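Chemist: One structure, as structure tokens, below. Some questions next.
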Amino acid sequence: MSLGYAEKLSYIEDVGNVGMSEFFDSSHVLQEKIERLAEMIQKSKHLVVFTGAGISTSCGIPDFRGPKGIWTLQREGKPLPEASLPFHRAMPSMTHMALVELEKAGILKFIISQNVDGLHLRSGIPREKLAELHGNSFMEVCPSCGVEYFRDFEVETIGLKETSRRCSDVKCGAKLKDTVLDWEDALPTKEMLPAEKHCRMADVFANHSCMQSAFKMSPRWGKIIIVNLQKTPKDKKASLVIHGFVDKVIAGVMNLLNLRIAPYVRIDLLQVIITQSLSLDERYVNWNLRVASVHALKAPLPFIKSIEVSFTDAQKYKAAVLHDQPFNLKRRTAPAEAFEILLKLNFSDGCGCPSIQINVPVNFKVSSDCFNLDKESAIQNLKERAIQDLCCGQNALIERKVILEPKTEVANHALVTNIKAFNSDSWSNGDVKHPRGVNGTKTSRKRSFGRKRKSRF
């Protein structure tokens, strides 16, 4: 996970303070602080949150400077921690999803993050309300037109280098670059300007990082809240310092604000491509099936381990198992035949279910009809079905297009590959009074759970 990112960084002798001791408030003190924090958040007019590595440790991503951090263990000559699942399958934590609910409720105005794991975007935070100071391991950007591409695979480089893909805009086509900073790279102006702007506007600045970059952007007149297991240089200037697990803290806050944390639903996309051509004697159709990434034909499909291909007419067509990417299958059939291909997609580690099946109808009398469903609505419907069923495996066809030369049909499918539900009651301290507002009445916020959001796949 962050192990790969750490290995890609240029070598540096001194990475700063590591192995810092952790401190925990007593349950009684933590309860009082959670109630104070909830009150400050409810009264805030412009809440800004700064997040660091600690927000993602409960996602299975090790931090760098803690007692068991990557750089701490390296300095001590100890084995590095093993990732509990692939980096690209990490799911947002309770805190990530709570921040989404605070943003939907109109309370949270902006997030500044030094994390490169992409989990704020995956959780559903709008891009325009997020500054990623150190970049994003899953983001590529076009240096020419500025378009960003949020991938389902980890980009292979860091240090703002060119990658192997190009901008998909036909008027551009420039080589893309990664967005993750190396040691010598300056903080990006595109991220710093909005971060500094919102810090100047903030009346409450909640910080979950002890890094100096966080405090360089502290609000001029607002209240500073620090939630951290380590002591920080700015503790004395903070209005409130909480030593506790951030998931437990945010669970208590959400209960006091009477806000429910929605489940996280991961949706991945792929395309099924069938290309056909007549044999030289025109007696057969030679066709090729390809299951590929929507990001680029040569891009990996990291969530697929293998594909079992079968047919509705099992006696007439030979089944196959595709183990290696790119997933390709070549066959020939009579031109007038119509049949159905059954694709059993076996998922890689970290997915919430072992496999799903999608059916692909094949008719070589290709029409020129294309359709493009409302992708936003289709994906939202998938999410709602997954939440209702509380399981993954749902899928939907969201786009179909036909290319006449060579004769090709491309079908894009959306798949629910993970769902993660959160119960803030199980995390919150049992002594926290629930739910009370700052004036002794029940706290209520209007929520827009079904609001349309711009997808970034």
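Cβ from N, Cα, C; glycine included.
TrEMBL feature annotations, pasted as is:
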ACT_SITE  His134  active site, proton acceptor
BINDING   Cys142, Cys145, Cys167, Cys172  Zn(2+) binding site
COMPBIAS  443-457  compositional bias 'Basic residues'
REGION    430-457  region 'Disordered'
Chemist: If you draw a 10 Å sphere on the Cβ of Cys167 (Zn(2+) binding site), how many other Cβ atoms land inside?
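Modeler: Result for Cys167 (Zn(2+) binding site): 20 neighbouring Cβ atoms inside 10 Å.
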Chemist: Compute the mean position of the Cβ atoms of Cys142, Cys145, Cys167, Cys172, which form the recorded Zn(2+) site, and then list in sequence order the other residues of that chain whose Cβ is within 8 Å of it.
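Modeler: Output for this site, in sequence order: Pro143, Ser144, Gly146, Val147, Arg166, Ser168, Asp169, Gly173, Ala174, Leu176.
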Chemist: Just jot down the residues in the same chain as Cys145 (Zn(2+) binding site), at least 6 apart in sequence, with C-beta under 8 A of its C-beta; none if empty.
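Modeler: For Cys145 (Zn(2+) binding site), the qualifying residues are Cys167, Asp169, Cys172, Ala174.
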Chemist: Per residue, counting other C-beta atoms within 10 angstroms of the C-beta, which of the binding-site residues Cys142, Cys172 reaches the highest number?
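Modeler: Of the binding-site residues Cys142, Cys172, the most buried by Cβ count within 10 Å is Cys142.
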Chemist: Please report the number of other Cβ atoms within 10 Å of the Cβ of the residue listed as 'active site, proton acceptor'.
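Modeler: A 10 Å sphere around the Cβ of the residue listed as 'active site, proton acceptor' contains 21 other Cβ atoms.
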Chemist: What is the interatomic distance between the Cα atoms of His134 (active site, proton acceptor) and Cys142 (Zn(2+) binding site), given in whole Å?
Modeler: 17
